[in-house]
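Undergrad: Below are the structure tokens for one structure; questions will follow.
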Amino acid sequence: MFQNFFGLFFLSALAQLISFSGTLAECPLPISPQSVVVKFGDSVSVNCSSSVTHMGMGWESTVGGVHLSTASLITWRVSELTDWDIYTPFCYINYDKQQCVVALPVTVYKTPDSVSISTVNLTMIEGNLYELLCDVHNVAPVQKLTVNWYKGETLVDQTNFTDTTKSPVNKTSKLLIRPDRADDGAQYRCEAELNLGDEGPQHPPTVTSKSFSIKVHYKPKHSRSTEKISQSDDVSLNCTVKANPAAVYTWHSKHLIEKISSSVIQSSTLSPGNYTCTAANYLGEDSKVFIV
Ligand SMILES: *[C@@H]1O[C@H](CO)[C@@H](O)[C@H](O)[C@H]1NC(C)=O
Ligand SMILES: *[C@@H]1O[C@H](CO)[C@@H](O)[C@H](O)[C@H]1NC(C)=O
Ligand SMILES: *[C@@H]1O[C@H](CO)[C@@H](O)[C@H](O)[C@H]1NC(C)=O
Ligand SMILES: *[C@@H]1O[C@H](CO)[C@@H](O)[C@H](O)[C@H]1NC(C)=O
Ligand SMILES: *[C@@H]1O[C@H](CO)[C@@H](O)[C@H](O)[C@H]1NC(C)=O
Ligand SMILES: *[C@@H]1O[C@H](CO)[C@@H](O)[C@H](O)[C@H]1NC(C)=O
């Protein structure tokens, strides 16, 4: 009865139903291993052995099936597993006027062909919200995929997928960031990781994107808005401040006649008074008063 298509479909449905509970309590059919994780195109073999005398046992599967046999150990064997949507194979036995089956859960996986980061806004402005995209190409099964986002060496976000498609898919994970000035040049990367469980490879297979360095534009901001300078000191009025793009400097004082565009003035050349320096870029400006 197990040899025809009707039986195959009926039992396949039954096997799908029991595949989560594994061995039916009363079915004397140990299979080894009890579930398999196979890389697409790799070979796989699973033993099914009976611990009782029987009238026949077999493996039912769309690939690698074993016909009704009187042996006590039969092996489901596929030299190249290339079926993404393989029906759960099962081993069956006819014994003592009974029949029973044990299902073999099979996971077929493939690591992605590529993992890459992109963004629509190549230059970011401090304080705004941006999206980084991680494109994962041609990976299966997506339900076992985790995308890890790293900033430098720190894990900053993680995406899992609930999609049950078994064949390879393309997936995009998004990371929202609000960069500040300290993040100019920060390195982001994303990593596609397949968590295949204990039956899978010892280390979960991963594919990592290239590092993606972000450019952040920010306006100049002085740490102090005034500074007292003693004229006797041979020091300078240093208005240099970090900004991206670099700031342009202008000086104002009733004591200055010439236009100065450098960020530093030697104090020894100056008369006592206030000197105001303004640093500016396209995002804004910030002034600082030097009191000599
Ligand atoms: C299956 O049984 C054969 C014969 O006993 C043994 O050589 C082989 O290692 C077994 N394979 C598995 C996967 O248990
Ligand atoms: C990012 O780029 C998109 C498309 O050019 C634009 O619509 C959006 O305003 C930009 N976002 C920011 C925060 O600049
Ligand atoms: C994603 O899946 C991994 C592995 O199954 C798990 O360790 C992690 O906690 C999950 N992360 C989230 C955010 O659900
Ligand atoms: C994934 O993307 C590649 C390249 O863009 C495309 O050729 C392929 O058909 C896509 N696969 C799926 C399942 O959409
Ligand atoms: C001015 O300050 C900047 C930043 O603090 C510093 O790098 C630079 O050497 C200073 N220049 C002078 C002439 O002191
Ligand atoms: C110089 O600047 C300081 C601080 O902004 C202010 O209190 C003072 O009145 C200014 N002096 C002159 C002569 O403008």
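Yeah, the Cβs are placed from backbone N, Cα and C, and that goes for glycine too.
As listed in TrEMBL for this protein:
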type   : residues : note
DOMAIN : 112-208  : domain 'Ig-like'
DOMAIN : 220-281  : domain 'Ig-like'
SIGNAL : 1-25     : signal peptide
Undergrad: Any idea what the model's mean pLDDT is for the domain 'Ig-like' (220-281)?
TA: 90
Undergrad: Summarise the domain 'Ig-like' (112-208) as counts of helix, strand and coil residues per DSSP.
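TA: So the counts come to 6 helix, 53 strand, 38 coil.
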Undergrad: With DSSP, how much of the domain 'Ig-like' (220-281) is helix, how much strand and how much coil, in residues?
TA: 3 helix, 23 strand, 36 coil
